[in-house]
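Chemist: Here it is, the structure in full.
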Amino acid sequence: MELLNTFIQLLDSTVRLSVPLLFAALAGLYSERSGVFDIGLEGKMLAGAFAAGAAAAVAGSAWAGLAAAVTVSIFLALVHGFASITHRGNQIVSGVAINFIAAGSTIILGQAWFRQGGRTPLVGAEDRFGAVELPFADALSGVPILGPLYSDLLSGHSLLAYVAFLLVPFTWWVLFRTRFGLRLRAVGENPAAVDTAGISVAWLRYRAVICTGVLTGFGGTYLALAQNAGFVKDMTAGRGFIALAALIFAKWRPVPVMFACLLFGFLDAFSIRIQGTPLPLVGQVPVQFMQALPYILTVVLLAGFIGRAVPPRAGGVPYVKER
Amino acid sequence: MSAPYAKLPAWADYGLIPLINLFVAFLVAGLVVLLVGENPLRAAVILVEGAVGRGQAIAYTLYYATSFIFTGLAVAVAFHCSLFNIGGEGQAYVGGLGVALVCLTFDSLLPWWLTFPLAILGAAAFGAAWAFIPAYFQARRGSHIVITTIMFNFIAASLMVYLLVNVLKPAGSQAPQTRTFLEGGQLPKLNWMLEAMGLTVRSAPFNISFLLALLAAFLVWVLIWRTRLGYEIRMRGHSPRAARYAGVNEVRIIIVTMLISGALAGMMALNPVMGDQNRLQIDFVTGAGFVGIAVALMGRSHPAGIVPAAILFGMLYQGGAELAFEMPGISRDMIVIIQGLVILFAGALEHMFRPTLQSVFASFSPRSVGIEASRGERA
């Protein structure tokens, strides 16, 4: 029973830690499937988190925070689009730029507006996306095994966490069952064909990066208003890059993206859990190794040792209409 | 029929366009200063004065510039092969390990001028080794170098924290850093050079690795434009297919380019580790690897552009510190924004003003943009 409880707690924190990864990775999925590489997920999520924290603190409403986060993230996504779609600039360079702009401006503006060393003021519980109890969570908690699974693991997460997991089937549906999704995937593989069919490559890609902006805004809001009570400087702490790793690990497919995020979330939760305690067989594992593991796994995957990750064919290549 | 990338005169291409891009980047940065509620012009004056106003400030500016020359060259060499080495940060961090190991071993045995060459080799070897794995995976297995080098930055950070906390930290010490190097592991300062010019420098970490950086810049120019290897690198960068057709061994070129790039990034560690702090500390790179991207883009991947660009960023770093002192609303993170804006406007949006400029030039002198020729055809 003790073991089961520990296990459920571990899974519970796995879910919590994988939600921001999931938002960011799904965000990247839209953009990259349309042929626009985006290493600026980190920056957009960070800017979103700042906007969410600032707006929620000023307006006193979690929804205002979410709206601000999504607006700011979409703006940065459009900057990325403007550079890489309209002006056919280097997508990697543009992504790097957005990461720096977000990292610097969140601190500068945060300090200038709130004067708390780059933080936003603490947001009260009522202005955050707090825990949502699923129906019958209390009543069922007495049932052995299934009870704790339901009431501790499935119930009691933030509303945004449920949104994140519902977005997985939704994204699958959009990408593989709608006209928009078909065209989005096509424009990432062969933009010339899409262009020949009379569909605007630029407009499709712009819509894709807007989707990315919306989702990174959600991810940032989750960090600032569900996991924490406000924005703290550099609060994404590389999660945007882990999400990128998850996206590659999942070979740019929605359902595997969820499992990859859960895996990386689990590694994170596990390394927090085992800090200082030796494991059977291997002895003490350094925390730093656990922290580096998602990155190591991604490198190994990319090198083709576990299957092969083939990016969308037109990814990273600006589309030049034939002259 | 449109030809948006018709030829501009060289001075416009290499001088005017980068200047316009830079100007716009600073204009937007000025808007951020306005948002914060300060006067951007006053901020600019404080920044420039803080960077070059006194001998002390100039020495600091050049100290920072030294690091950026190395990392800028590292990014630029890879650019010429159309590889984007985002891993300068990690390579410099691991390069620091090479410097530290050499200094810890030899600082009690050898004078600095014997330790220095060994430390250069150590820094270059460790930096290159950290670039080798991404390079090998790119060349042999086709994994995207941008992603692998990003991942290697994080892996380097974890590795170095582990080594400093568990291996390199002297017994009984709390801070995660190595012991301080003895005399034989400390680089001489160059402050006397500034003092010889009549400036006063009280104490600044400006050291001899600045000269090494200038030498490296010259050698990179020789390599890229005056050697067979450099020609192959540029050919691979312009057109991998043409390079393959011409018999260039692509795997070899990718790996060699990345080794050179990693070695240059690694040598950046000499400046802070051996020239200033005289010990290996956590996070001593402090973003210099990423500044290298901005520097390389601004300098258009040419050493003659990279050195001034690095000095400009050195000014921003040093002046930014003064600015933070004078205007409490603006911390040093302002530099990170400027860095991002420079990368955006000089890198990703480098062609934004080109069509406008071309039509302006065309209206003044059609000959310069080749419009005359097409008119002639029609006639």
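Glycine too: its Cβ is placed from the backbone N, Cα and C atoms.
Found this in TrEMBL, in case it helps:
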| type | residues | note |
| --- | --- | --- |
| TRANSMEM | B:12-37 | transmembrane segment |
| TRANSMEM | B:57-80 | transmembrane segment |
| TRANSMEM | B:116-137 | transmembrane segment |
| TRANSMEM | B:144-165 | transmembrane segment |
| TRANSMEM | B:204-225 | transmembrane segment |
| TRANSMEM | B:246-270 | transmembrane segment |
| TRANSMEM | B:282-299 | transmembrane segment |
| TRANSMEM | B:306-324 | transmembrane segment |
| TRANSMEM | B:330-349 | transmembrane segment |
Chemist: Which range out of B:116-137, B:204-225, B:282-299, B:306-324, B:330-349 gives the transmembrane segment (B:144-165) the most CB pairs under 8 Å?
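Modeler: Highest pair count goes to B:116-137.
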Chemist: Under 8 Å between C-beta atoms and at least six residues away from its ends: which parts of the chain pack against the transmembrane segment (B:282-299)?
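Modeler: Result: 18, 22, 67-76, 79, 86-93, 96, 153, 157, 160-161, 164, 176-177, 265, 268-269, 272-273, 305-310, 312-313, 336, 339, 342-343, 346-347, 350.
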Chemist: In the same chain, which residue numbers or ranges, 6 or more beyond the ends of the transmembrane segment (B:306-324), come under 8 angstroms Cβ to Cβ?
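Modeler: Apart from its flanks, the transmembrane segment (B:306-324) reaches 43, 46-52, 57, 60-66, 68-69, 72-73, 76, 213-214, 217, 291, 294-296, 298-299, 330-332, 334-335, 338-339.
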